């Protein structure tokens, strides 16, 4: 038996809690774990879904074509086992913990936008009659769709979109047009060659008057030949850092006409004679974006969990250097610096996952309220989704890079899968709203809350700390004390930013200029608010469920909560020293607590990542497989390189030999 296999087995013997209990806790309960495993067993038993030649050795075109083949196969299997009694929202929640697509596609599926944005857009934007027609066709994959909002020249600034939809009263049609190159839709997955329908966001114009951004169902390609329709120009945007099998595309319109009933009319309508009526708040049009941002937060937790599983298992079998010179080489995970790199990633995955589940519950409540005609919860949900998407993707991006570096040179090899996971997470920092822009949107909500508090109005629970004007009191190095400290930091930063903005206003700057001049502070305010929110939610949700856990698992979960809180306290010492009563001795104690927590978690490290319960196929990594055969797998994957098919490459005789003999 290989030494690495023995090392990993020994690590599992050190674990002092029930790993299966942890898996059930992460999934929600034992039934959910069983259901997820059944789903994975069914899909991953289909041998045709796996490649003999690793996809990194295929051409760009071959990767796409192979991804389409596998997407069709995967869809057929999923349809066979789909629960017909589940709603689409319930189905989405079922997949909260499933990363099945990443067992089959390292760069995701070209069908991904069909399910993640096209279907949700129909649900959120179509009226009952439209939904009855379009949702059935979409769910039966009679059509494949995508969602086109971002343009070549505009992304997060939705009001700046240039694509127009002009209503022609005479023909009862909308005329879609891209007036400039920058008006071309750019980035939507599935758009280039996969989708034949698309929900397009465009500026609605009627009789010379603009009515803002509205959603339109647009057929892109003939349903039989798949050729682009007249007045539509489609193509792929090219190779990227990641998502290269998602088929991201561009879309341009040249006076393309669609019937009046192709405007999705749940939230606004245009009558035959061109009368525009808005049924509900115009912000409801952006509901699909909020949904997607909620899902992104959850996906960041999952991808981070995958990365740290790979890095921890590798660190348990990799031996490098000595701690004591008279002792043998040790597992790299025995070095405190390695524990510092990795254990906070375990804790962060739990923190983000728990916060994502909490955010999903809020999303479902607001969605139900909106269906009942109440939209007052949408602004808070929007602000929460914005900052949580920004902070979770930024943290996950940083920590995945750290996981990769913690694996040394082997973490740089594509077969480790860490570079591909980084490509997926790095994209999340910019798609569906660039992070800085999203943090500024949250900041607007926070400034409004500050102004509401100044008028004596009641604040929502997520910003209620703003109203606490009591002296901070003595610093406490407990999780509760740290949460209190982060809330005070957020409140003080908000106060300072509002004061700065007001000074700029008094100096004669416009509100817009004053906001821009204060924007660096406002981004910091939003991040501080989000840190406090994640900390408090993480602690509260673990408290709420702790009574159902065994004592050993409960202890480890609280260690992770404390580690997470202590880590971020040490990362944000400047803020805490500035705005709270933290002292030098408090800092020294925090550092000691942090190092002590690393040592306490160390024996359970492998058990903690085993608890994520990722199958080897889903990890898709030579470094992170359950059995620990790291070096054998690295060599097996290396031998799959097409260059290893022959001992002498033809380039030797064509170029290298003449070059070395001076005959080239």
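Heads up, the Cβ atoms here are built off N, Cα and C, so glycines get one too.
The shown structure was predicted, so the numbers you read here are calculated from the model rather than taken from an experiment.
If you look up TrEMBL, you'll see 18-144 marked as domain 'Acyl-coenzyme A oxidase N-terminal'. Residues annotated as FAD binding site in TrEMBL: 150, 189. Taken from TrEMBL, the feature domain 'Acyl-CoA oxidase C-alpha1' covers 286-447. Per TrEMBL, active site, proton acceptor is recorded for 432. Summarising the annotation, TrEMBL assigns domain 'Acyl-CoA oxidase C-terminal' to 479-661.
The average pLDDT for the domain 'Acyl-CoA oxidase C-terminal' (479-661) in the predicted structure is 97. If you measure from the Cα atom of the residue listed as 'active site, proton acceptor' to that of residue 150 (FAD binding site), you get 9 Å. Using DSSP to sort the residues of the domain 'Acyl-coenzyme A oxidase N-terminal' (18-144) gives these counts of helix, strand and coil: 89 helix, 0 strand, 38 coil. The most crowded of the recorded positions listed here (150, 189, 432) is 189, judged by how many other CB atoms sit within 10 Å of its own CB.
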